[in-house]
Amino acid sequence: MPPFYIVITFLLSTVFRISQSVHHHLNEEELKQVFGVSNKHDVPEYSLIEATRHPLKNGNLKMKFTAWNDTYHLNLRKNSRIVSPHIISVVRHGDDDVTTYAGLRDYEQCHYQGEVKSHGNMKAAISDCGALMGSIVMEDHFLVLQTLPKRVHHLQKERHLVYKRSAGLLTNAESKIREEITRLQEEQESFCDTSEQLDDPAMTIPAHLHFNYTIPTSAQLDSSFIFPNMDPITLEIGLFLDSKLFEHFEREYIQDAEQHLLEFSLALINNVHVLYQQDTLTPNLDIVIVRYEMWRTQPSALSTGVHKNGQAQSLLDAFCRYQAHMNPGTDLTDMNHYDHGVLLTGYDIYHTTTSVAGVAPVARMCDPLFACSLVEGLHLGRSFVLAHEMGHNMGMVHDGVQNQCNKGCCLMSAVNGAGKTTWSDCSVREFNAFLLQLDESGRGNCLRDASPGLISTNHLSDLRLPGQRFTADQQCSYFWGRDYKVEIPNGKAMDDICRILWCGNSGSTISTAHPALEGSWCGANKWCHKGQCTHWTFGLTPVPIDGEWSEWGGAEKGCPIQQCAVSGSITVQGQHRDCVNPAPNNGGKTCEGANIRGIVCGATSSNCLGFTREEFGNKICSSIKYDPHKPDQQLTGEGFEHSTQPCRVWCHLIGSELIRNKGQFPDGTPCGFDAYCVGGQCLALSCDNKALVEQPEDCPRIEGRSVHQWEEWSSWSECSVSCGLGGREVRERKCSSGRKCQGVSEESRPCEGVLRDCEEFGEWKEWGSCSEKCALGVQKRFRPCLTDQCSSKHLQEERPCDNEGCWTNWDEWSSCSQSCGGGRRYRIRKCLDDKCDGDDLEKESCNTQKCISQSWGDWLPCSVSCGIGFQIRERLCDGELCATANKQARTCNQQQCPSAFSLSVWSEWGEWTTCSATCGEGLQSRERSCRRGSCTEDDASQTRRCVNGPCEHSYLTWSEWTTCETCSSFDSRKRIAKCDGTTENCQDKIDEETCDIACLREKHSFGPISPRRPKLITSNDLRKAFGRPLLPIESIHSEKWSEWGPCSVTCGSGRRVRTRGCQEASCPEQHIQTEECNLNSCLELFIWSDWSSCSKSCGQDGIQTRQKLCLFNNAECSSYAESRRCKDLPSCSSISSGRTISENGFDAPRWSEWSSWSACSCFSLTSTRRRFCQVVDPTVQGFCAGAILEQIPCAPGSCSPSAGGWSLWSEWSSCSKDCGDTGHQIRNRMCSEPIPSNRGAYCSGYSFDQRPCVMDNVCSDEKVDGGWTDWTAWSECTDYCRNGHRSRTRFCANPKPSQGGAQCTGSDFELNPCFDPARCHLRDGGWSTWSDWTPCSASCGFGVQTRDRSCSSPEPKGGQSCSGLAHQTSLCDLPACDHESDGEWSAWNEWSGCMGNCGIGTRTRVRACVSPPVSDGGQPCFGRSSEITECRQSPSTALCSSFITSSHLADGYFIDTDQQQ
C-alpha cells in the first residue's frame, strides 16, 4: 500500500452580505493582515469608520467612532509593558573578540488598554502607532479595528474599519473542515530526530518518558484554565548562527554577507512565526527574538574539533550547554532572558541521510538547560523543520507514530512530503497538555510572560513573494548543496514542484522536505500558489530574468598544501562561480559554460605514490559501512569505477547490482589522460597546462589579455573499422584561449592501407561445465567460422564461474545493540572464492523485552511552613510506583519560625474526662493551662463526641425457674425476662440451666430447688455426660478437673461448668465448679490489647499505645490504635544520658531498625519490611544511603486486609539551633507495626513530630558557615536484576554550621541505577494449578468456599512475579435456613462535629448492621458502615497549629504538634 498524507481543505460559506466592497481591492496578504482570512468570500461583516482621537495631558487617550448606526466611546490608558528596551545583538569572532549592541531606536509608547464607556465598560486593547489597530471584547463577539493599506486609500475617505469576529475558538468557516486523502507514489523519508542521549542524567530516560504529562481529550480543550482569556503565550528565543552557515553566505555574497544572513535568518523565523499563528493551533504562539548572535568564528565550546558532520546529538548537546551558559538570569530577574535557544547550522548534521535536518529534546521547554533545538539553516524550507522541532520541545510527538492522528497529515509528521503546513488535533492537545503541565508544575510557565521582543521584520514589505526572492534552483542549492538544481524525474513535470520540489546533481533524484516556495516559477507562464501551478494573480506579471555569472571565487585562499591521497595526483586550487548575478528566473536564460575550474599549482608532472583509485574507493566505502557512529550497512564495502562520473566515489550495495554515491575523489586526482578531478568533476588540462577547464573560454586571463592560438594536432586515430571498406581516421586540435582561433578544430581522412576481409561466424554453442566444483573456475563456449580465414581467438570465449556451497560456516552472533526495548545482532560468513550466491551478513532482532523506564517525581511540599520538616518523592517505573526503593525523604527548611517569646505556649493537654453517658452518645472534655504568651481562653479546653455501646433494652424481673424433676444433667430448667415495652425491637430473654447445676445451687445455697425423684442412669449416659469411660467402683478416687464446658450464652454474661469424679466415700468437698463467661456486650466486636511498654524511661514525654483488635471479620469493626502519656516516670535529671557521636565526630542521620515483615500480599506475592532515616542533629544536612525498604517473594496464607499500625516514636533530635533563637526538635515513626497489606488501611496521623526548643546562650559574631564532607561510599545495589539502585550521601559537617552560620548549598543525596546481568539468571514466576474448592462454610443461608494457587511453577528468580490473585473466594449456592434472618442497616447516626485545622476539616457518621442483625445463616449487610465529608468550622471555633500548616486527624483526635519548649 503506498504512503499517503492528509490535505486539509476548508469548505467555506458566506454567511452574510457585505455592504462595503473595499476588500475586493485587497490582495491575499492584505486580506490576512486586515481580516485574518485568505479568501475574499470569507471576509466577515465590517464597517468603514473614521476614528476620532483626543490625547489627554496624562498620556491617556479618548477615542470615538461610529459603526452599524451605533457610537462607541473608549477611555484608554497607556500600556508600557509590551516592549523591553534590553534587546541584545552580538557578532562573535571566537571567544575573545565580541561586539555587542543594545536597545531599540525610535521607539514610542503607543499601546493602550481601557474600557468602552458607551457599552457597559467592555474591555478594549488599542494600538495607535503608525496604524490604528486593536480589539474590543463584547459579550458574544469581538470587534476588531484595523487600518486599511495605503494602496487603497484613494478609493474612499475612511482610513480604518471595524469587523465582527465570533467569540468561538473557530469561526463558522473554519469549523467546516473536510479531509481529502491523496495518495503519493514518492518515497517519504524521515526529516526529524529527537534527542534521547544528551549528556545529562535527566536525558538518559527513554524518550517516551520525557513527557510524563496527561494528554487531554478534545472535549477538554475549551477549558478556561487551559485557554485563559488575555493570557499571553510568548516564546522568547535566542537565535544563534554558526560559522559554517556564515561561511556559506560569505561564499554566496561577496559583499554584505552579514546583512544577507540577517535578512535570511529573520525571514526564516518570520516563516516559523506564521506557522505558529495558524488557526489550526490554539492558543497561538508569538515568537520574539531577544538575543541575536552571529558567529564569524566558532566559539571554542562548539569548535569543529568538538563535532563533525553527522554528529547531530553531540552538536546539540554542546550547543544546549553553550546557550544555557549565555542565557542571563531568569524570566523574573533579567529581561534579556530567553525561553528557547535555536542554532541554525551550516553543517550536515546527519551524513547517512540528507533528509534528517533537525533535532531537539522532547518536552523540555522552560528547562534551564535543554530548551533548545538544532536545525540545518541553508534553506528557507527549514522553517517547517524548525517549527517541527520547536513543537517537540513543547511536548508534541510524531503524528501517527506516538498518537492516533494521521502520520502523513501535518507539521508533526515524521516523514517528508507535501502539504504539511497545518497542525493536527493531536498536536493541539499535546501542546495544551504541556502548557497545563507547566502551569501546574510550581516552577512557572515561561511561555506565559509578556514579550519584550525585537521589532518584527516583514520580508514581504517589498511585495515580492518568497519564490521571487529565491529561485527554485537557489532553493535546491540551499537545501542540498551548491551543485543541486531543479531536476524533474521521469513521469513528472515542472508544475509538480509546487507540490514537491525535486532537486538533483546529475546523479540520483531526491525529493526535498517541502513544496516550492509561494511565487516560484513552475514552467510556461505560471507560478506556484497554494500548492498549485497557476497564472499570476498578484498584479503585474513577473518578467523573465536572464542569468549572469558571478566572479570566480576561491582565488583568495591560495594553493592548498599538496595531499597525496591517490597516486599521480597534482596540486589544484578549485574555483567556483554561480549563476546568481542575477539568478535566472521566470523562464529566463541560464548562464552558459561551467561553474567550476581548477588552477594548477606548480608542475603537472607528479611523483605522488598513494592509493590506487580502486584502493581509495574501497577505503571510503569500507569506512562508511563500518562507521562507529552512523554506519551504512547496506554497502558491501567495495567501490565501483564509474566510467561517466570518474570523480565520484561509488559503492556497491549488498545483494543487488545497484551502486550508491558516497563521496568524491580529492581535487587533483587523475581521471583520464591529461584530466583531473575538481569538485567531483573530471576536467581536462588546458590553458597551456595552467588550468583544468571544461571549455577554453573558462581559462584564466593572462595579464589582462587573451591568447588565441591553436595547439598542435593530435595523432590520427585508429580506423573506425577493423576489416572491410569505409573506415576513416580523425585528428583534433584545440584553441588555447577560447573559441576565437581561425580554422577548424577537427580533420578526417580515409583509412590508409589495405584491410583484410571481415570474418564471419556462426551462433555460439551452450556454455560448458565449470572447471572447479567449489571456488573460482572457468567456463568455455565455441562457435564455427563461416569464412576461410578466422582467428582462433574469436572462435572461443571464456568466463569465470563458481558453484554453490563455497561459504564458510556462520560466525557467532554479535552482542545485541540494545539491552532492552528491541535491538539488532548480526553474524557473518566468508565466501572462499568471492563469488558465492547469498548474503555474507545475517541480522535478527534481540532483547525485545520492554525497557523499564524510571523517573523520580517532584518533591512534595515541605511538611511544615517553618522550622525543620520533611519532603517525600516517589519513583515511577513505566508510569507506576516502582516495586522497590520507590520513596525518598529529605529534610527541608522553609523559613525560620517566629520566636517562642512571641507565641502562646501551652502546657500538655490533660486526660480526657469520662464520657458523660454510659451508653449511647455523650461528651468528653480535656483542658490545658497557659504557660507563657497571650493565650486565649477559648483555646484552653477541647470537647469531643464519645459513643459507648448501645444502651441495653429495659426488661421486667426474671420469672421463677421451672421445676427440675431429677438432678440429671440431661434435664434442664428455664426462666424468662419479659420486655417492659419502653424500647423498640426488644425481644424476651430466656435463661436455661441443667438440673445438675440446679441441684448444686440448692446444695450450696445457690437457690431453692423442688423435690426430685431418682432417675436410672446407665453407663452410656454417664459416658455422654462426662465424656469419658465409666471406671470400676474400686478405682474411683478424686480425679482431675474436666475441661470447662461451653458458655451458656455467646455474649452478655453467661456461665460455664466443669466437674471431677470421685468415690462417694472419698469425695472432696467440691466436685462441680461454675464461673461467669462471655462478659462482653452482645454488640462488642473487638477487644483492646494490653498497653505497650513506655517509649521513655524518664520525664513526661513517654507514650504508651494499644491496638483495637477485631474479633470478627466484620465491616462494622475497623482496627486502629490509641496512645496515652505514661504515668509515674522518674525525672530525667537523675538519669545521666548522652547522645552517641558517630566516628566522624558529628551526629549523622542513621537508619532505624528494620520493621517486621508485612503479611504476604495477594497482589504482588511479596512481603515487605521498611525503615526510616532518623535525623539526630537537624543542623547536619545529609541522608541515609541504602534501601528504605526490602521485599522478598512469598506465598500468601490469607488475602484478608491487614491495617497498618504505628511504630514507637524515635527519640527527640537535638535542637536545630545552637544559640540565640527558637529552634525545633523532631522525631519520627513509621506505619510498620504492622505494615498494611492486602489493601489494608494506612495509619492515620503524622509520621513525624516536632516541638520548639529555646537556646538561652547568645550567638557570637563569629558565624561558622557549613561545609560538605566527602561523599560516602555507594550503598549496595538494591537489586542487580530489576529496578536496582544504589545511593550515597554527604553531610554538612565539615564544619558544621554554628553561631547562626549558613547551611551548605547543593545536593546531599545521589541515586544511580545499577544492573549486573552476570549476577542475574532471571526467571519469571508461573502459577500452579488452582486447588479444589474448600467445603462450604455453612449448610444453609450465607456461606463461602475458597481455593488458592501459588507462584511456584516455577518460582520467580529475579524476573517478574506472577500477576493476578493467589486466592479466590466464592459464595455458595445454598438453600435458605429455617429461621434465617438477613442483616439490615440501621439508620445513619447524626453527623459528628467538624474536626480539622484552621477552619477546614471533616465530619463523619456511622451505621450498624443491627436492624436486625444477621442470624441463623442470613445474608450480612453490604455497603459502607461509615461516611466522611468535608466541612468548614466557624471562625470562632477553628483551631490552627503554630508550626504546621495542615493537620491530619485520627478518629476525631487533634494531633498535638505544639509541644512545650
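Each Cβ is built from the backbone N, Cα and C atoms, and glycine gets one as well.
Keep in mind that what you see is a predicted model, and the values were worked out from it rather than measured.
According to Swiss-Prot, the protein carries these features:
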- E389: active site (ACT_SITE)
- C405-C410: disulfide bond (DISULFID)
- C816-C846: disulfide bond (DISULFID)
- C820-C851: disulfide bond (DISULFID)
- C831-C836: disulfide bond (DISULFID)
- C866-C897: disulfide bond (DISULFID)
- C877-C882: disulfide bond (DISULFID)
- C1051-C1082: disulfide bond (DISULFID)
- C1062-C1067: disulfide bond (DISULFID)
- C1173-C1184: disulfide bond (DISULFID)
- C1231-C1243: disulfide bond (DISULFID)
- C1336-C1372: disulfide bond (DISULFID)
- C1351-C1362: disulfide bond (DISULFID)
- 233-435: domain 'Peptidase M12B' (DOMAIN)
- 853-898: domain 'TSP type-1 4' (DOMAIN)
- 1035-1083: domain 'TSP type-1 7' (DOMAIN)
- 1382-1435: domain 'TSP type-1 13' (DOMAIN)
- N69: N-linked glycosylation site (CARBOHYD)
- N212: N-linked glycosylation site (CARBOHYD)
- 1-21: signal peptide (SIGNAL)
Ask   = For C1362 (disulfide bond), what residues in its own chain, 6 or more apart in sequence, show a Cβ-Cβ distance under 8 Å?
value = L1165, G1325, G1326, W1327, C1351, P1356
Note = The rounded CA-CA distance in Å from C410 (disulfide bond) to C1184 (disulfide bond) is 51
Residue pair C1231 (disulfide bond), C1173 (disulfide bond) - Cα distance, angstrom, rounded = 14
Key: Residues in the domain 'TSP type-1 13' (1382-1435) grouped by DSSP into helix, strand and remaining coil   = 0 helix, 18 strand, 36 coil
Key: When distances run from the Cα of C1336 (disulfide bond) to each of the disulfide-bonded residues C851, C866, C882, C1184, the nearest one   = C882
Inquiry  = Spatially, and counting Cα to Cα, which of the recorded positions is closest to C1184 (disulfide bond)? Options: E389, C851, C866.
reply    = C866
Remark   = Most Cβ neighbours within 10 Å, among the disulfide-bonded residues C410, C820, C831, C851, C877, goes to C410
Ask   = Just how many other Cβ atoms lie inside 10 Å of the Cβ on C1336 (disulfide bond)?
value = 15
Message = Here's one to test understanding: among the disulfide-bonded residues C816, C831, C882, C1173, C1243, whose C-alpha is closest in space to the C-alpha of C866 (disulfide bond)?
response = C1173
Message = Quick check: of the recorded positions listed here (N69, C405, C882, C1173), which one has the Cα closest to that of C836 (disulfide bond)?
response = C405
Task = Compare the Cα of C851 (disulfide bond) against each of the disulfide-bonded residues C405, C1173, C1243 and report the nearest.
result = C405
Task = Please name which of the disulfide-bonded residues listed here, C816, C831, C877, C1173, is nearest in space to C405 (disulfide bond), Cα against Cα.
result = C877
Task = List the same-chain residues at least 6 positions away in sequence whose Cβ sits under 8 Å from the Cβ of C846 (disulfide bond), in sequence order, or say none.
result = C816, S817, Q818, G822, G823, R824, R825
Task = Round to the nearest Å and give the CA-to-CA distance linking N69 (N-linked glycosylation site) with C1372 (disulfide bond).
result = 82
Key: Rounded to the nearest Å - Cα separation of C820 (disulfide bond) and C882 (disulfide bond)   = 18
Ask   = Which of the three DSSP-derived classes (helix, strand, coil) applies to the residue listed as 'active site'?
value = helix
